[in-house]
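Visitor: Feature annotation from TrEMBL assigns region 'Disordered' to 1-24, 347-374. Taken from TrEMBL, the feature transmembrane segment covers 60-81, 143-162, 168-188, 216-239, 251-269, 281-303. The domain 'Potassium channel' annotation in TrEMBL covers 138-195, 221-308.
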Amino acid sequence: MNASGSLLSLPVKDPSGNQSWEGSSCLGEASQECEGFTIATSLSPCSVALKAMCSGKLQTALLVAGYFVYLLVGAAVFQALERTAEKQEKMAAAQMKEAFLQNFTQLTVPEMEQFMKNLIEAIQNGVYPVGNESQFEESNWDFSNSFFFAGTVVSTIGYGTLHPKTAGGQIFCVFFALFGIPLNIVFLHRVGKMLSLLCKKLGKFLYEKGMRKKKITFLTLLFFLATGILVFLCLPSVFFQITEGWSYSEGIYFAFITLSTIGFGDYVVGKQSDRKYFSYYRVLVAIWILFGLAWIALLFNLLTTVLEDTEKIIVKDLQQIGKVSKDKLESQQRRCWPVQFIPEEERLPPRAGGDAHKMESLTADSEHTENEKKVFSNSKTNAITCEL
C-alpha cells in the first residue's frame, strides 16, 4: 500500500473501462489498493471540516472531563486532610460552650475576655458553636463543601469563610491552585468560544433572513446580554432568595460579586445553621459559578472593546478639532504679516480655477504671442533680403 503527501495525479479505470484522472488536494489524501491499482482518494473540504469539527468536540469533551475530574480529586483530598482537624475544633468549641454555660455567673473579666477570643477564633475557623450537638456534627468539609471550596480556589474568588488549617491542606492548596488556575483559564476560554459560536450561528441565521449587518450585530449583542443576565443573574437570584432567605437585591448583589471574582465573603451560600440545604447544593452553585465566569469574562471583554473604540473616536475628533483650530490661527496670523515677509509660494495659494491659474494662463499666452511676432518679423526680413 502506497501513501504520498505530494500532489499526484494517477490514472484510474472505472468499471466501464474509461480512464479518468484522480488528483490529490493539499488537504490530504489516502491511497487504496484495489485489484492491482493504486487509487488516490482526495479528501474533500467538507470531510476535512467535519473531521476538524469532530476533533474540536473531542478536545472540548476531554477538557471538560479533565477539568471536573481535577475538581473532584481536589475536593476529595481537601476533605481527607481537613475533616479530622475540623472535628477536633468542633469538640473543643462544644466543651468551651458547655463550660461557659456552667460557670458564666462566676467568670472574672480576664476569663470572659479569653472566652471571647476563643469564640472569635472558632468562628474565623468556620466553627459556629450555635445549636445542639447534632448541628456540631455537620461538617464544613463534606464532599459538597469541599467541591465548592475547590471551585473557589481555581476561580480565584476566595471568600475567606472556609480555608485549610492543617499544614498538609495548606501545602496542597498551593499546588492545587498553581495548576488549577491555568486549567480554569483554558476551560473558561473554551466555554467562551462555545458561547461566541452560538452568537455567530444566530447572526448567520439572521443574515440568511435578509437582515443588515449592523442590525444583526445589535441583535446578537442584545441576545448575548439579555440571555446572560437572565441565566446567570436574575434566575439564580430568585433561587438564592428561596434557598437562603435573602432579598432579591441581596441575591443580585451576591451573584455579581461572585461572578466578577470580587468575593467579599459577606454573603456565602450554605452557611446559615438555622436552614436546611439539600444535598450537593453547593456543588450546583459551584457549577453555576464556573459557567457564569465564562459569560461575565466575555461581557467584560466586550465592554473593554467598546470603551477602547470610544476612546479612539474621541481622540480622533479632538485631533481633528485641534488641527482645524491650528490652521485657522495660522491663516489669521498670515493675514496680519507684511507682504515682504510672506513667502512667494504662499502669496498666491494654488486653487482649482483660481486667480493663480488664470495668471499663469495669461502669462503663457502672452509669451506665445511674442514668439509668433518674432517669427513673423524674421520671416518678413528674410523675404525683403531675397528680393534685393
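Glycine too: its Cβ is placed from the backbone N, Cα and C atoms.
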Visitor: Limited to the domain 'Potassium channel' (138-195), I'd like the whole-number average of pLDDT.
Guide: 92
Visitor: Are the transmembrane segment (168-188) and the transmembrane segment (60-81) near each other by the rule of at least 3 C-beta pairs under 8 angstroms (pairs 6 or more apart)?
Guide: yes
Visitor: Which residues of the chain, 6 or more past the ends of the transmembrane segment (143-162), have a CB below 8 A from one of its CBs?
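Guide: Distant Cβ neighbours of the transmembrane segment (143-162) are 70-72, 74-76, 78-79, 82, 126, 173, 176-177, 180-181, 183-184, 258, 261-265, 268-271, 279-283, 285-287, 289-290, 293.
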Visitor: Provide the three-state DSSP residue tally for the domain 'Potassium channel' (138-195): helix first, then strand, then coil.
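Guide: The counts are 41 helix, 0 strand, 17 coil.
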Visitor: Should anything in the same chain at least six residues away from the transmembrane segment (281-303) have a Cβ under 8 Å from its Cβ atoms, list it; otherwise answer none.
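Guide: Here the qualifying positions are 71, 143-145, 147-148, 150-152, 155, 157, 184, 187-188, 191-192, 195-196, 221, 224-225, 228, 231-232, 236, 243, 255, 258-261, 269-270.
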Visitor: How many helix, strand and coil residues does the domain 'Potassium channel' (221-308) contain under DSSP?
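Guide: In the domain 'Potassium channel' (221-308), the DSSP-based counts are 64 helix, 0 strand, 24 coil.
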